[in-house]
């Protein structure tokens, strides 16, 4: 103790010229700290991309792929499924051709009118929270739509379904991509997109199993006849239940949390993923600290600006698209995308109804088939009230098998595009495919052979598989902050 006191006195002694010494400063090197004879190493900081590389690929990413794939599939299921019920529901709801057209478009209108808002909420609330809200809302409104007593009630309900399911379309890709590094991101996004083609196989296959049972099964709920087309709509929503269950298991996007300052939580999430993928205990996860790299830091600043501006941010991002020099690019991309989906999805929604008449009158030109559909509808309406008792519409189950085969063609086209896009180039692939589909679309008007007509229609509507290619070309026309 005496020596310690002498040391303190030494620190405060004056020099020979009377100046007072500065107090001694002690610098501690964390790497040199020894605890019980063992030195404690300094903590190494990793970027988010480096941490994902340590986590690796495994069961977590497989589950994530299926959940996000089902999210994309739900968008197809809840918008296209109406095309498979309009013939079966024609008598129950007394549908006109105008009613069928509006009903077919209701879900798509909901998607288009709400996608901007969902994109904004995804960047402010979080990916997982938006997907949970969207899937839950879509499930509830879809179930309620099956009890619609009138066509306009059904149209309104399907519009609401479209609004909710739009959240899945706007958020799924971001949620999936943010758990993957640069090396695997493009590949898994392509795999997830294939679930939409699987949906086009699932919908007609389910319709083939369910809707023809209408003559053999009588079911009444709440005093109304619960027809098979209502059960079909109900079963189309089962993927939403799987999505909700999967999202309750999966965590929030690590990149979203990181850009919002929750670094410790990101480490905990990645440690759990590391345990699931590698089978190692969470405490052995070598990453203890995660920081933002330059790109993520810029992204975080942009997200903060977006959160502060709110809906004004959407306005600031949208207005420049309709001014020079971006206006011409916006017009080109919009016209091409509109034409693409008007010819593919627009016709595809009517195919079951058209085929239901066509299979009964083979070897007719397509225009004659459509004219016959109008004639039959007009005749049924002029027959008087007896049509309300005996429905004149007979559903041929083969139309669903034919449409399912078209879904297989779409899936094959998605796979083919993935193999050849890098070899021939995006623009060459798009132009070549457009020419082929355009020729098939013109040829279908002049042929009367039933099977040749089916082949030409399938080739024509397969243009919808070019949506991803057109998007990839379109984003290259715009600066990064407007893409």
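Any Cβ shown, glycine's included, is placed from N, Cα and C.
Range with TrEMBL annotation transmembrane segment, chosen from 11-30, 31-50, 231-250, is 231-250. Looking just at the domain 'Major facilitator superfamily (MFS) profile' (62-483), the mean pLDDT is 87. Here the transmembrane segment (159-176) has Cβ contacts under 8 Å with residues 64-65, 68, 71-72, 74-75, 78-79, 106-115, 118-119, 121-122, 127-128, 130-131, 133-135, 137-138, 141-142, 145, 188-189, 192, 243, 253 of the same chain, all six or more residues outside its ends. Within the same chain, the transmembrane segment (452-478) packs against the transmembrane segment (333-351): three or more Cβ pairs sit under 8 Å, each pair at least 6 residues apart.
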